[in-house]
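What follows is a short report on a single structure.
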């Protein structure tokens, strides 16, 4: 396993594969997204962070074709596109892994991986599907002992892996991950973060929604902050957490910084 | 390191993980089966055991029960409700229900009889009309469920009443229409039996085919570097089928033999089994039953799956009704009424199809109807009236569902799909 130094397929900061400009989405009187911009380049991991209600989930749904934006443009591979349905998103090459993963627990790993795109639908080619499943899981160094068990028996990290691996079968160019580490333990989180790095090495554009700053800083190249449905700053991953958190919450004087300040002063007195 | 490498290349691609229990041959197969049963994945075991118990009890009460003549009769009687149960299996697999299969079957019987006997249509046309009506009913249900969001429970409950009404209206004042004995339909349902030689040929073909497909699959898998069943195991399986079916056919041939009707039912079971397990459609049926939202996001047209399943169920119900009328040589107000509805649903559930969707098999219709028909037949032989039949069938259903719930809990605990 002595791979040569991995060259990203395209240098981060190259031409974006996917660009959002001025995206707005209203639900009745509520403006869930207002004038949001977002870029992701091939081989780049962009984290989108924000407090509850910042519009992260709405943004994911816009990218996945679940919601149509009320205003704004999507540019994919230098072409202005409309994503009116999940099928449109698939066809373009934007794959989304939702937080609930959307796996069928009663089906096994192979069946889930190939769900909706089975080989030879009149007489399923199970053998080829099994081999391709193994190849895919090996490429991702996934730790799944057997692919012929129902997904119900897999751990959270393994399910996340299956869900991500499934999107790769469609040869996407951008993957949107909604809270990929939210429900995972320490080791499983590390596994998923490794997986995200492997996606980047494959030259995919990765948009990762999260509110775990530690995970974000571990893998992201850039951090985009949303606040109350608007862009509120773009940070390098190395930026101090306090700055990012401040942008998420909206001010440098906020609950978090006051707490931090209090903790410092307590330490100082002691 | 080198040793590990060598060991890995020797193992099939799908058994590389060191956490897997590995083993070859018979012991690992037996061990695997035992682990499955212990973890609550009972498969057909409870039904087969149940059948053995039922048959033993009835045989000890009345020695006619297991006679060739009675078993021939039992199988012929099971076909009509069994075919209806096949459709119910499909609907249950997607997590829906059709409570109107009984009325639809009765309506279909009435429609066939009215057009064929009273209006003198050619038989194929009458049958096609009845099947078409069944399919149409399925389309209507599917529209109500998928477009209007009416729960299938309510939609089909409404259908139950409406179609019963139409059936009674079609049959008119006399309330019954006799089908001529010399018609092909009645002949097929009552008198058409396989010639003895053909029945044995079919047994050999079945066993040979089972082996050929199993061997073909094993060879492809081995060529692709995957684990595969050993040839000796495949031979043993086919030999068991050959002996088992051969004995059954020999025993039935001592009386009238194997009816074309029952063979047709079994063929339908096999076709549905193939469709459910080996086609993309079947895969989407299981996916929709397991997690409809996930299926939708995977690009499956969930509405179309629901529609196909409701249409299939109503059409099979129509076919079953026609056959019930043919068995009786008459379509009357009782065709499809009474316990047909519940027997069809109970058969599917007793056979192991989950009421919650996503789990089951075409064979559950076959096994379930054998259980129900055995009880019904046995009690009739004992000259007990239908009150007992209802009570006992109800108890068996309760037992089957309870067993399934317990096994389900165990499966969850052992990390298998609920």
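Backbone N, Cα and C define each Cβ position, glycine as well.
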Per TrEMBL, the range holding transmembrane segment, considering B:258-276, B:277-295: B:258-276
Folded-back contacts onto the transmembrane segment (B:74-94), same chain, C-beta under 8 angstroms, at least six residues removed: 101-102, 105, 152, 189-190, 252, 258-259, 261-262, 264-265, 268-269, 272, 276, 285-286, 288-289, 292, 305-306, 309-310, 312-317, 319-321, 323-324, 327, 340, 343-345, 347-349, 351, 353-355, 357-362, 364-366, 368-370, 372-374, 376-377
Contact yes or no, the transmembrane segment (B:127-146) and the transmembrane segment (B:305-328), 3+ Cβ pairs under 8 Å, gap 6+: yes
